[in-house]
Amino acid sequence: MNPRWQSTLKEYIEALFIALLLALFIRTFIVQAFKIPSGSMLQTLQIGDHLLVNKFTYGVKIPFTSKVVIEMGDPEYKDIIVFKYPGDTSKDYIKRVIGVPGDTVEIKNKKVFVNGNPLVEPYTQFIDNAHVSTLRDNMPPRQIPAGEYFVMGDNRDGSNDSRFWGNVPRDNILGKAWIIYWSWGGPDSVRWNRLGSLLH
């Protein structure tokens, strides 16, 4: 091979290798892309939204483990988080934090109370006006243990969340939802107005 071409090829391979390492580093420690597959977080998040999750917010973990080596802070009330579903850790879920360790969460006729105080939740959506006796609309008081979080979807009548399967362990949390970088409204439809929206 021509020495000049050999040198150029070597440079390209080195650049590609560095780019792959950098991408792996960013995905492991800083941000990760996530796609919204369901309507459980309507209207805050739409089906087809693509967002970035800040993995640095709650600490730095050893790659491919749940062990935090550098503590940065804990999830707070109203944070939108991505986590490994406790019932099947191969699946990632996205919900809003409603209760943190030490809180007592209760639901009365769709209204959420934390430590006896009703929450003001302008971000929620309800599909129907019926109040039913299931955990969806009425839940007796639950105290959140240390190291666990109670989460709910903003689309309260259409979300599978802590009401039904329990709390999220701290170690399952991957990061905090940060920004919408792309949004498909259909096969040929882009929701341009959602691009760049910060999540809160």
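Note that Cβ sites are derived from N, Cα and C of the backbone, with glycine treated the same way.
The domain 'Peptidase S26' annotation in TrEMBL covers 10-182. The active site feature in TrEMBL is assigned to Ser40, Lys95.
The average pLDDT computed over the domain 'Peptidase S26' (10-182) stands at 88. Around the Cβ of Lys95 (active site), the number of neighbouring Cβ atoms within 10 Å comes to 25. Listed in sequence order, Ile94, Lys95, Gly153, Asp154, Asn155, Gly158, Ser159, Asn160, Asp161 are the same-chain residues six or more apart from Ser40 (active site) with CB atoms under 8 A from its CB. Ser40 (active site) falls within neither a helix nor a strand when secondary structure is assigned with DSSP, and so counts as coil. In the three-state DSSP scheme, Lys95 (active site) is classed as strand.
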